[in-house]
Amino acid sequence: MAAHPEKKLAEERKHQNMQNNIKASQGQWGRAWEVDWFSLASILFLLMFAPLIVYYFIMSCAQYQCSLTDPLLDLLTGNKHLSDIWNRTPMLTYQAAGIYCLWVTFQVFLYMFIPDFCHKFLPGYVGGVQEGAVTPAGVVNKYEINGLQAWIITHVLWFANASCFHFFSPTIIFDNWIPLLWCANILGYAVSTFAMIKGYFFPTNAKDCKFTGNFFYDYMMGIEFNPRIGKWFDFKLFFNGRPGIVAWTLINLSFAAKQQELYGEVTNSMILVNVLQGIYVLDFFWNEAWYLKTIDICHDHFGWYLGWGDCVWLPYLYTLQGLYLVYHPVQLCTAHAVGVLLLGLLGYYIFRTTNHQKDLFRRTNGNCRIWGKKPQHIECSYTSVDGTKYYSKLMTSGFWGWARHFNYTGDLMGSLAYCLACGFEHLLPYFYIIYMTILLTHRCIRDEHRCSSKYGKDWKRYTAAVPYRLLPGIF
């Protein structure tokens, strides 16, 4: 039976857009081809000190009641030596290794062997097999989007154990927190090293590899764009979305259980951290298909930055608020608690609504309504490496008329809410907002540099129409 004219036209338009994206992406994508001295120095610093930074934060809580200054003062004054601190640090145990191996294996099983069924009964949820963005080599990878399903299954089993089966204590994560850190580091380095070897000797797609000739840069930033084993196991999606983010809410629940065990109650600050960060995690999995079009998947190669970062940095430093509240339980007054909740919810609303406006604008090519009106935009053109000229639109309506990265502004508001829930006694729980501010500001600059190179004078017209990056009237 012949296709309807409208359907045929839509398919032709989709095919043409795909070809345009392939051509336009060449030379625009991902990491550098050459390494300058500043980049190399930054990479060497991170490779040497990032694992120590994570250890320092966790050790400060375990040995110094979350004080970031007392360990340094002890060392500088000679009250303690590094060996004294190290000797008090729990080492890797068979129990922690078993827990961690079981955890990662279980998440691989959920990712690989249980096709998504949530999209069949959850209205509005996009799951199952989805296409990613076009890679520089012109490949369109397919993904099994089942993160929400993995999160639900994992947490149902967690609560079933806590309430009925009692196979293990809900405090098991906190009780093995530092030994599990060593397991996470081992996996992070193993995966990063394997990804580099794979990129050299048996890449999934050789045309999607980048080599600078600098070992340290290639190791950190990655060689392969989408390293895969078989048809479905995609390293980037798995480690970005599992096992770290699925564990995020379990880690917070374990911290809450430890607080209950130690003090006989769970404070409202701990509840706020669990709820607000839980909303963020659930949002990630609800919009996992949309995540395929973000910077992490569309532009970053897979190396130590993502491999180790997703195994260690994310689960250990993004959960500092809950860890802090185990050592320093805070019961907020009603006004403070309500203020934190409202700030977190407002930040999430801005984050989600801003992203939705951009997605709607792109899907409809601007033929939609934002805040009751047809969105305004700047017509831009760019030329691909083969000399072909293409056209696109940059929205200047809705939240995107307030700032060029207003979704990041909402993200930062939510991040600040997590920290404010911990009170003001220590700096440690505020690391997250400091880190996120640096990370997202750097992303703004990196993205705008790419857009400036791509659009040229049209980008100047756009920045004149939307002059602020993150904070209207300020920055």
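Each residue, glycine too, has its Cβ placed from N, Cα and C.
Pulled from TrEMBL, these are the features on record:
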- 37-58: transmembrane segment (TRANSMEM)
- 92-114: transmembrane segment (TRANSMEM)
- 148-168: transmembrane segment (TRANSMEM)
- 180-201: transmembrane segment (TRANSMEM)
- 237-255: transmembrane segment (TRANSMEM)
- 262-282: transmembrane segment (TRANSMEM)
- 302-320: transmembrane segment (TRANSMEM)
- 332-351: transmembrane segment (TRANSMEM)
- 415-440: transmembrane segment (TRANSMEM)
Contact between the transmembrane segment (37-58) and the transmembrane segment (302-320) (3 or more Cβ pairs under 8 Å, separation 6+): yes
Interface check, the transmembrane segment (302-320) with the transmembrane segment (415-440), three or more C-beta pairs under 8 A: yes
Long-range environment of the transmembrane segment (415-440) - Cβ separation under 8 angstroms, sequence gap at least 6: 57, 60-61, 66-68, 269, 272-273, 276-277, 317-318, 320-321, 324-325, 328, 330, 332, 336-337, 339-341, 343-344, 347, 405, 408, 470
Stretch of maximal Cβ-Cβ contact with the transmembrane segment (332-351) [cut-off: under 8 Å; candidates 148-168, 237-255, 262-282]: 262-282
Long-range environment of the transmembrane segment (262-282) - Cβ separation under 8 angstroms, sequence gap at least 6: 148, 151, 245, 248-249, 252-253, 255-256, 318-319, 321-322, 325-326, 329-332, 337, 340-341, 344-345, 348, 414, 417-418, 421-423
